[in-house]
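Take a look at the structure set out below.
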Amino acid sequence: MPREVPLERIRNIGIIAHIDAGKTTTTERILFYTGRTYKLGEVHEGTAVMDWMEQERERGITITAAATTAEWTVEGTPYRINIIDTPGHVDFTAEVERSLRVLDGGVVVFDAVAGVEPQSETVWRQADKYHVPRICFVNKMDRIGANFMRTVDMIRERLGAKPVPVQFPIGAEDRFRGIVDLITNKAVIYVDDQGKREELEAIPADVADEVERLRNEMIEAIAETDDELTLLYLEGEELSVEELRRALRKATIQGKLVPVLCGAALRNKGVQRLLDAVVYYLPSPVDIPPVRGTRPGQIAGDDGVEMITRPTSEDAPFTGLVFKIVSDPFVGKLAYFRVYSGKLETGSYVLNSTRNQRERIGRLLQMHANHREEIKEVYAGDIAAMVGPKQSYTGDTICDPNDPIVLESIRFPEPVIQLAIEPKTKADQDKLAVALGKLAEEDPTFRVFTDPETGQTIIAGMGELHLEVIVDRMRREYKVEANQGKPQVAYRESITVPADVDSKFVRQSGGKGQYGHVKLQVEPLERGKGFEFVNGIVGGVIPREYIPAVEAGVKEAMASGVIAGYPVVDIKVTLYDGSYHEVDSSEMAFKIAASMGLKEAVRKGRPILLEPVMKVEIVTPEDFLGAVLGDINSRRGHVEGMEARGNAQVIRAYVPLASMFGYTTDLRSATQGRATSSMEFAYYQPLPDALAKEIIEKRRG
């Protein structure tokens, strides 16, 4: 069966934004216009198609990235748009990270009243990291206080982007009734509520001057990115609509310009034009560089390791990346994956090259937020889901067994907040482990472990809301009732000076003994670098087959530090010497020797406790500014900057997480409910001695 839609006519896009900018509503409208849903879903009524988990419908926020396929016709040509709806709440950054990794382009939605909000900056930086070309949609133009040009200026100033308005609103707030398309230079007026009927009119006199100025600026910005157009422009030639679109498409894909559109998704205004813009300006899988990877067992960046590329074509060997695991009540485990090259049929085998496991492809599904369609094969550029994978997890590469490749995995931030959880009854005990296991499979930023000292089950995540949603899902989906402790800060340990150790594990008293001997150098890394292991063994003083055991022993010892039993981070461990015994050496012996060695090195390395620091943004009316600033200082925070936004003040500060529990409630009562705040993890920093002492005493009881 040949592919239905040629590659050039596929768009893989994500709709990304700050919470409440109207992202899910925009996606709903897209599904409505592309004929995938016949009744409009409303987030505030709790019927949105994309928000299919119960908690999402209740909270009116999006938690999981649902992937949906839609069709859209532009100028008589049908296109396929695969849409990934992503959450905008900071606690769910992992969802955004993994979506961006497999997208080709993004639609960033802004609220015309609030403009660029803190989470918009985070998402924008994430998109920069993966070089995702994007277009902007300034939504909620019908709300009181909506201001299109202010939002465009904020995109320029706060995000450091080069926004180019390709539309201009006619009217704002309740008088918002249409847009001027600056590319074609025509006014589009919406006649009915559904936004399905449009009429072209002459450009209204009250916006004519502004439109002319913006159109000239737009043409100049587009012409600057293309030498041929620059010449025509300088010679005073009129550039055609096709020339402008072609050059703007190229500049958008290269990340030089960002087209900006506007509308009001809830009123169905501007969404069809947004779909047209997705087709005109965002890349197809063919427009982006081919993916690169290494052969299994090799590490990118090591000496002598050559990178393999996979062109986006069906004739190349099959390569895909799993970007999301979901436990589905009807079909069990689903793995969403993006196909980068080749094609895949049901019934065939693939190699999971990340884990070196074969996986049989039973059924393939194409997803429409919560209704699914069975398909027989998928091709390069597609996004699909496979049913019941045995071995595959988020970030794994799946590929042709005869031509293996490992793509770069997806890196997720470490959890910063944890709480103890215990089942209410004996019956819940067994179900708890199953539920937590499945939830951890789905969400890489959610961790479950047992506290070695108290024996309690600890769950850790990115924020209070994140853990709240997890506990909620346990109750609803897995029917597990559990009591939860107070949220605790996830401290870490590290070292401040390098340390050298010589560690031996020897048991030789008759029969087969044990012998492992390693010399390790352990050095501090800069904050946020995690862990690095270097094998510096030369001349075979330790045989190669024991090296992985040494690394495993080091990692095991890092799980619980020497000061207060918190995980050890930001260290580089070099195995530079050691010895072995022909008969008595084993993997186990080397693992134990390495484990003991690391503990000793951390003791020698002047260990310290690290605490997570949050980046906090507070929007408060002027009258409460003094009180809010005083409060931040009392929480050991430091203010980084302030700016006026409308008649409110925006404070940006860094505050340790330990002093931020319940902050939203305190802030509300201090400001009569008029201030709002948002926070996200920023970095780990050393804990002041007096506080460290307190924590150590508490842990040691």
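Here the Cβ of each residue, glycine as well, is placed from N, Cα and C on the backbone.
Within 10 Å of the Cβ of Met141 (GTP binding site) there are 27 other Cβ atoms, across all protein chains. According to Swiss-Prot, the feature GTP binding site maps to 17-24, 85-89, 139-142, an assignment based on sequence analysis.
Positions annotated as domain 'tr-type G' by Swiss-Prot: 8-286.
Around the Cβ of Ala17 (GTP binding site), a 10 Å sphere holds 30 further Cβ atoms from the protein chains shown. Ala17 (GTP binding site) falls within a strand segment according to DSSP. Taken residue by residue with DSSP, Met141 (GTP binding site) is part of neither helix nor strand, so it is coil. Within the model, the domain 'tr-type G' (8-286) carries an average pLDDT of 80.
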